[in-house]
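Here is the structure we will look at.
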Amino acid sequence: MKTAIFTVVLALAVFAVLCLVVSTHAERHSKTDMEDSPMIQERKGLPPGKPCYGATQKIPCCGVCSHNNCT
């Protein structure tokens, strides 16, 4: 009986440690992904009047690229 209880407690402890490791790993990668995300770059859009080159540029216009100028 004591062996069964010990086995269950040990299994729960191992499970808790694995959850902690996975959570820390996921949090670390989510911060890295957030820094590299194109969505972050979209929010930094070019202001109106700046030259633009259509869909191939790294940082898009805040509005629309029209006649090679952001509007």
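Note that Cβ sites are derived from N, Cα and C of the backbone, with glycine treated the same way.
DSSP assigns CYS52 (disulfide bond) to coil, not to a helix or a strand. Proximity of CYS52 (disulfide bond) to non-local residues of its own chain (separation of 6 or more, Cβ distance below 8 Å) is seen for LEU46, PRO60, CYS61, CYS65, ASN68, ASN69, CYS70, given in sequence order. Per Swiss-Prot, the feature disulfide bond maps to CYS52-CYS65 (among others).
Following the DSSP three-state reduction, the secondary structure of CYS70 (disulfide bond) is strand. Among the features that Swiss-Prot reports, disulfide bond is placed at CYS61-CYS70 (among others), with the record citing similarity to another entry.
According to Swiss-Prot, the signal peptide annotation covers 1-26, on the basis of sequence analysis.
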Coarse DSSP state, helix versus strand versus coil, of CYS65 (disulfide bond): strand
How many other Cβ atoms are found within 10 Å of the Cβ atom of CYS65 (disulfide bond), counting all protein chains shown? 18
